[in-house]
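The block underneath contains the structure these notes are about, expressed in structure tokens.
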């Protein structure tokens with residue numbers, strides 16, 4: 001029943017029918033949100049019975065799991081379909097925590113999915129039991145090189161931490177859009193570009209020449225007083241980019 005102004009009248013108990021309708025809609029929305037949250041998500045396949053890579057079929061994976069007693073490399077089988085993408089340095093997902101009782105067709109299954117990085121590929125594993133397969137190559141773009149790995153390992157050892165924790169700080173999160181964009185062409189060779197403010201330093205021009213030539217010179221730079229040091233940084237970065245790096 002409606003009143004003269006077109007609004008629904010309140011019932012004898014003083015309740016507003018419109019408020020009840022709004023409340024029921026909100027409850028339905030909450031239920032739908034919970035239902036979607038509980039819906040099973042697609043998981044990478046177990047690769048049961050899949051053929052392994054013909055060469056270097058074992059990947060040594062650093063699992064992104066913090067406890068120090070798990071701070072080591074774990075062996076995983078590399079399916080043949082992943083052979084080209086499962087290169088050292090790429091991000092992967094692996095199943096971790098499966099017991100030896102969960103073995104089907106010679107392949108260990110079960111366990112939770114964790115992120116990790118392939119450190120190297122080898123011909124065989126020192127572990128003689130069945131191996132779980134790499135579940136998924138998240139991105140074929142290598143992000144963990146030998147130099148960065150050695151540096152993070154040294155930091156973890158120095159400060160009694162785990163390598164996985166250090167890598168979380170050293171490696172940025174994956175950016176799918178950036179991976180899909182082509183790399184810009186390198187800048188033209190620096191050639192005889194003016195060193196600018198680096199002329200104020202005895203070894204400044206030689207330092208820039210080494211960077212532009214693809215070298216990795218080591219130097220300790222104590223900037224002279226004045227407003228030129230930001231520009232000097234920019235000149236050094238430009239010389240490095242001109243060598244094709246960056």
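Using N, Cα and C of the backbone, Cβ positions are placed for all residues, glycine too.
Curation does not apply to TrEMBL; its annotations are automatic.
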>> Under TrEMBL, the annotation region 'Disordered' belongs to which of these stretches: 1-25, 26-50?
In response: 1-25
> Ranges 151-174, 175-198, 199-222: which does TrEMBL label region 'Disordered'?
Replying inline: 175-198
> Given the model, what does the mean pLDDT over the domain 'Primosomal protein N' 3' DNA-binding' (67-172) come out as?
Replying inline: 88
> What are the helix, strand and coil residue counts for the domain 'Primosomal protein N' 3' DNA-binding' (67-172) according to DSSP?
Replying inline: 27 helix, 34 strand, 45 coil
